[in-house]
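Taken from TrEMBL, the feature compositional bias 'Basic and acidic residues' covers 648-658. Taken from TrEMBL, the feature region 'Disordered' covers 640-687. What TrEMBL lists as transmembrane segment is 6-21, 33-52, 118-137, 157-176, 188-212, 387-404, 433-454, 533-550.
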Amino acid sequence: MSAAALAVVVVVVFLLALYLLQRYGDLRRQQRMVLLGTLLSWYLCFLIVFILPLDVSTTIYKQCILDNANQPTPVNQARHTYQTDNKSSVNPTVSIPKVCEEPWSYIPDGILPVFWRVVYWTSQFLTWLLLPFMQSYARSGAFSRVGRIKTALIENAIYYGTYLLIFISLLIYVAAHPQWQLSWRELQTIGITAANTWGLFLLVLLLGYGLVEIPRSYWLLSSYDYLLAKTYFKAAKMATEKASAEENLADVMEEVAGVHESIRYNHGLRKCVDTIIAKCPAEYQEELRRNTERSRGEQNVLPTNGVLFKLHKKVISAVQRQGQSQVQWSILLEQAFHLEDVAKSQSSPLRHFTHSFPSEQHHGWIRRFIYTPTVEWYWECVCRQGFYRLLAVLLCLLSAAVVWSECTFFSTHPVLSLFAVFVQMAEKHYNYICIEMACFVSILFLCVCVYSTVFRIRVFNYYYLVPHHQTDAYSLQFSGMLFCRLTPPLCLNFLGLIHMDSAISHQDRIQTSYTSIMGSMRVLYFISDGFYIYYPMLVLLLCFATYYSLGSRCLNLLGFHQYITDDHLTSDLVDEGREHIRRERRKRQKTEDGENRRWAWRDRYGAQGAAGWSRAGYTEINDDQSSPFPEIKNSVITFRSDGEEEDEQHRSLLRDNYSDEGSPNRRSTGGRYLSLSPSRAGIFDDV
C-alpha cells in the first residue's frame with residue numbers, strides 16, 4: 001500500500017504542475033527548455049509539499065518502535081508475569097506498551113533519504129544555477145546560441161558573485177572557531193543554511209501578506225458591489241495599459257520598418273533583420289512585405305549589431321506586452337458584463353439568470369442540463385454570498401492559528417503551538433490518518449498563502465504571471481526560482497511548528513528523513529537559535545500592516561494606483577472604468593445587432609440573393625442600422641443602378657474607409673492606424 005500511495009502522489013503532483021503550466025504558459029510557442037525547466041521546478045516543489053506528511057507519519061511510527069524498545073521490562077516478560085499471577089499482581093508497576101501499528105502509507109527505510117536528496121539538490125541546482133542562466137538566455141536579444149550564452153554569462157556574473165560572497169562570509173565565521181572541524185558535510189550544511197536563511201527572509205514577507213489577504217479576499221468576493229467597483233477600477237487601469245502597450249508596439253514597429261529599409265537583401269545583417277520581422281505581428285509583417293519594392297529618397301545610417309540586438313529584445317517585449325493587455329482586457333470585459341448581469345438578476349422578479357452576451361460555453365450540455373439558468377440564479381443570487389463568507393471565516397481561523405503558532409512554536413514546555421498540539425494528540429492514539437491530514441492541511445494552507453502571493457505580485461511589468469497562456473518565459477522561470485527557494489524553508493518552518501525539528505525544539509527525537517538531509521543547523525548557532533526562532537514572529541507585524549493596507553497606501557502615494565475604498569483617486573478611476581465598460585457594451589451590442597440583421601436579411605431573401613450582392617451592399621447595410629429592410633434593399637438597388645461616376649465615388653469612399661481600419665503602420669491623432677498611400681515616396685514619412 002505504501003508504494004501505491006507514493007506512486008499516486010507522484011502522478012497527481014505531476015498532473016497538477018502540468019495543469020498550472022498549461023494555464024499560465026504557452027505550450028505551443030514557448031521554448032521547450034523554458035517549459036521543461038519551469039515544469040521541473042514546480043513539480044519538485046509540489047512533491048516536497050505532498051510527500052512531507054508521509055515522512056512525518058513514518059517518523060512517528062519509528063519513534064514508537066524506539067520507545068517500546070527502550071522499556072525496562074520486555075513486553076513478553078510483562079505478559080508472562082501478568083498471566084501467571086493474575087490475582088496477586090506480583091509486578092503491578094510494569095506497564096504493557098502498546099503495540100505500534102504500521103501506518104497505511106509507511107515507506108521502508110532507505111527510500112525517503114535518497115528521494116529527498118534527489119529532489120532537494122535538483123531543485124537547488126535549478127534555482128541557483130540553471131534557471132537564472134536560462135532567464136538571461138531567453139531574454140537575450142542575440143541572434144545566435146553563442147551570443148545568447150555569452151550574454152547570459154555576463155549578466156549572471158554579478159548574480160553568482162553575490163552568492164559566493166555570502167558563502168565565503170559564513171565559511172570565515174565557521175573557520176574562526178577552532179573547535180569546529182570543517183568537513184564536506186559541514187560545508188554542505190553551511191550552504192543549505194545560507195539558502196534557507198535567504199528563503200525564510202522572503203517567506204515571512206509573503207506569508208504575512210497571504211495570511212490576511214486570502215481570508216479577506218474571499219470575504220469580499222461575497223459582495224457584488226465591491227467586486228463591480230473594483231472591476232471598474234481595473235478597467236480604467238487596464239485601458240491605460242492597453243493604450244500604452246499598443247503605442248509602444250507601434251513605435252517599435254516604426255524602428256523595425258526603418259531597419260527593414262536600411263538593410264538590403266544582399267547585406268550581411270539581413271538574416272538578423274528577417275529574424276526580427278518574424279517576431280512581429282502578422283499584420284505588420286504583411287504591411288512590410290507590401291513595401292519591399294519601394295525605396296526611400298534618403299539613405300538611412302546602417303545599424304550595428306548592438307542596435308539590432310536591442311531592437312530584437314524590444315520587439316519580443318513589446319509584442320508580449322501587447323498580447324497580454326489584449327487578453328486581459330477581454331477577460332476583464334467578461335467579468336464586468338457578468339457582474340452587471342448579476343446585479344440585474346438580483347433586482348429581477350424572475351428566478352432566471354440572463355446573460356447579456358451568451359458565449360459558446362453557455363450552450364454546452366452542462367449549462368443545458370446541470371447548471372441551468374435557474375440553478376445559476378440560485379447560486380449567484382442566494383447561495384454564493386453565504387458560501388464565501390463561511391469559507392472566509394474558516395480561513396481566518398486557520399490564519400489565526402498560524403500566527404499564534406509562529407509566535408510560540410519555540411515553547412516545548414508547555415506546548416503552545418496549535419499544530420504541535422494536534423499532531424501530538426493524534427500521535428498518542430496512533431491515528432496516522434489524522435496526523436497526515438493535519439499535516440497536509442496545515443502545510444497546504446501555508447503554501448497557498450505563499451504561492452498565491454507569488455502569483456499575485458507584479459513588479460513593474462517585469463515579472464507578472466498572467467493566466468490564459470500569456471505569461472512570458474522570464475516570468476515563468478522566475479516563479480520556478482521562487483518556488484524552489486521558498487519551499488525548503490517553508491517545510492522546515494512547518495516541522496518546527498509541529499516540534500519535529502530538534503534544531504529548534506531541542507527534543508531527543510528521531511528526525512524526519514527530510515530534516516536529515518539538511519544537516520545539523522547547530523553549526524551556525526546565531527541562525528539556529530536566533531534567526532530561525534525570532535524572525536518568524538515578524539509575521540504578526542506584517543499581518544497588521546496588510547490588514548490596514550499600509551503597503552497599498554504607500555504604493556498609492558508613489559504613483560502606483562491601488563484600490564482603496566476611501567480614496568478620491570480610486571473613486572475617479574471607478575467612474576472612468578464604468579464609462580469604458582459602457583462604451584464596450586454599446587460597441588458589442590451594436591456588433592451583435594448588425595449580425596442579427598444580417599442573418600435576418602439572409603433568411604428573408606435567401607442565400608442566392610445574398611451571394612449575388614457586392615461588398616458595397618453589405619457596407620450600406622452596416623452603416624444604415626436604423627433603416628428597415630425594404631429601404632435597405634432599395635438603397636442597394638439604387639446604388640448598383642446609378643451611373644459610373646457615382647459608382648466610382650462610392651467605391652473610392654469604401655476603399656478609403658477600408659484602408660483606415662486594416663493597415664497597422666500609420667497612426668492618426670485619434671490613435672488609429674492608417675494605411676500607407678502608394679503615392680508616398682517612403683515608409684512612415686507621415687510619422
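Just so it is clear, glycine is given a Cβ too, placed from its N, Cα and C backbone atoms.
Any TrEMBL annotation is an automated prediction that lacks curation.
On a predicted model such as this, the values are computed, not experimentally measured, just so you know.
Remote same-chain partners of the transmembrane segment (33-52), defined as residues 6 or more beyond its termini with a Cβ less than 8 Å from a stretch Cβ, comprise 6, 9-10, 12-14, 16-18, 20-21, 25, 27, 112, 115, 119-120, 122-123, 126-127, 130-131, 134, 138, 439-440, 443-444, 447, 473, 476-477, 479-481, 483-484, 486-488, 491, 494, 512, 514.
Taking Cβ pairs closer than 8 Å, the transmembrane segment (533-550) reaches residues 200-201, 204-205, 207-209, 211-213, 216, 399, 402-403, 406-407, 409-410, 493, 504, 562, 564 in its own chain, all 6 or more past its ends. By the count of Cβ pairs under 8 Å, the stretch nearest in packing to the transmembrane segment (433-454) among 6-21, 118-137, 188-212, 387-404 is 188-212. Residues 207, 211-212, 214-216, 218-219, 221-222, 416-419, 445-446, 449, 539-540, 543 of the same chain sit 6 or more residues outside the transmembrane segment (387-404) yet have a Cβ under 8 Å from a Cβ within it.
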